[in-house]
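Step one of this worksheet: look at the structure below.
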């Protein structure tokens, strides 16, 4: 692979090469500044002033060319408008068709201009991050804040690009006028709910939306899945994806995600009762629930490695193991063996194919719908989390068939066994293994002329100017000159958990700690809910199931509010810290210290903890998807695996805490399990504040 500067150069449109920002020159200047400061020949104030001036000149060069090209496009649209007015007097089908094609040609050139902005935006963002990393200074904050809203700053043109919106509007209106409306006299303004359906206009709108990167629910939810992507994909990537994409296979992956989450949480309302019926203490439910997470720590690694070679075989294996695991879980009641119960849950954990589900979306879904697929992954998980306890609440019946007991304890196992059997048959019939020969052997020569529609419509995955939490060289690139040969090792994916960990910056490590904390707190709340509510409030299984299902149903609404509104009002760092503080408040309110413990106290504090953790998880994973090294975007030991392992280990420790605390008595269980949650939350808040203050 090549250095980032060469990668940018390969994407440039040949006839416009003199108008791109000179990333190579600026990177060399940053290196010179570092050497000069080290030798004492320059001070920081001069460096900041000189680099600011250099950036201003580079941006001005790019923006002036952008305005010139916008003018050319506007002039062409105006001339076509005159021809259109003349043609309206004596309409001819052939003339109208020629005009439509002429407008679409202008649209293709506008797409080229949008791609021009994209490349410059990526380069500008990268060089700002490189400068921050070298000098440990919040230069990006300073530069963006002083330029973004200044009346004479050229940076506004890139942020707001009002002229581009006018060009898109003119193209849309005129193409709408040329459509065959079957005698209708309504204009595009009279039908705002019926947007123009034209592939060129659709591509332009998509490119503009991605370029502005205004945070919305879909983007937020998609990043919640932590499905890593290349920052600047090659023009051939979309073609490769189309060769491998199969809708039914994607649907089967999402179904696997949904069923696994149902399988995880369907036993939570009855695990304590099942443990008691098998002669164990009710708090052994912590180990019963956590056994699945223990096995998942290992299954995530081998499934991630297996997905390098196949997607179908790991999913088949997962279904078989889960079928067997649920069968053992259900039979443990009649066999009167807590060990069979635990082995059944371990089998279920060994069948966790979430790493395969993530990997399939990352590798086989086209870029243009990958965000929707990622959002589908998160939605399937959230729905499964809500459906699991709800389904358990419905299984309040008891009967026997051939001496096999079916009751509230065993029915979750039998129901999931049948579900995985049906899924296995569906998988065998409908799944298509993606063609890996195409990925390994097929290459498409790259042309400097960016003419292909799909290549041009690829937009920025990230905003032009990231917020201050993204500082640091998040891509893991070394500071090689573009003229130097880049060692292949520095670009290869991580080959072990250790090498992947070494690619993590301090801020990423803190975000993984936050992820560990929130998963620990959520697992404590959910796993001990049945024991706590039975002891204090004498809740039935159905009541516990309704409570847990209600918590699960808050996931999507919370993400809608955060993704659509809150992230537009506040900086991600502010939301991150505020969410951690609210988790802390929820933990403190949940303690049983002075007043008699009541249902409103438990429900309100539990809801506050759970919702705050959901907000925190969304923001945290959104940040992780942006700042993790690009070397963690593919391979066995990828960013998704690291986050999964951090969360799974947290769940294992939380479930073990519940069981160990149970030896001190159920009356002390609540406070004892909340103390580690409180400690980890305080450490997380401290680390967040310290890391960001020291780095920025």
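Keep in mind that glycine also has a Cβ here, set from the backbone N, Cα and C atoms.
The domain 'SPX' annotation in TrEMBL covers 2-145. Here TrEMBL flags 250-268, 280-303, 315-332, 338-356, 377-399, 411-431, 512-537, 543-563, 575-594, 600-624, 669-692 as transmembrane segment. Per TrEMBL, region 'Disordered' is recorded for 467-490. Per TrEMBL, compositional bias 'Acidic residues' is recorded for 471-485.
Using a cut-off of 8 Å between Cβ atoms, the transmembrane segment (315-332) and the transmembrane segment (512-537) share fewer than three residue pairs, counting only pairs 6 or more apart in sequence.
Of the two recorded stretches, the transmembrane segment (600-624) does not lie close to the transmembrane segment (377-399), with fewer than three CB pairs under 8 Å once pairs fewer than 6 apart in sequence are set aside. Under 8 Å from some Cβ of the transmembrane segment (669-692) lie the Cβ atoms of residues 283, 468-469, 506-507, 510, 513-514, 516-517, 520-521, 524, 528, 531-532, 535-536, 573, 576-577, 580-581, 583-584, 587-588, 590-593, 597, 654, 657-658, 661-662, all in the same chain and six or more residues away from its ends. Each residue in the domain 'SPX' (2-145) has a pLDDT score, and their mean in this model is 80. Applying DSSP to the domain 'SPX' (2-145) sorts its residues as follows: 127 helix, 0 strand, 17 coil. Tertiary proximity for the transmembrane segment (512-537) is limited to same-chain residues at least six positions away from its ends with a CB under 8 Å from its CB atoms, namely 265, 268-273, 282-283, 285-286, 289-290, 293, 504, 543-544, 547-548, 551, 576, 580, 583, 587, 597, 599, 602, 606, 609-610, 613, 616-617, 620-621, 624, 642-643, 646-651, 653-655, 657-658, 662, 666-667, 669-670, 673-674, 676-677, 680-681, 683-684, 687-688. When each of the listed stretches 250-268, 338-356, 575-594 is scored by C-beta pairs under 8 angstroms to the transmembrane segment (280-303), 338-356 comes out highest. Comparison of 250-268, 338-356, 575-594 by number of C-beta pairs under 8 angstroms to the transmembrane segment (411-431) places 250-268 first.
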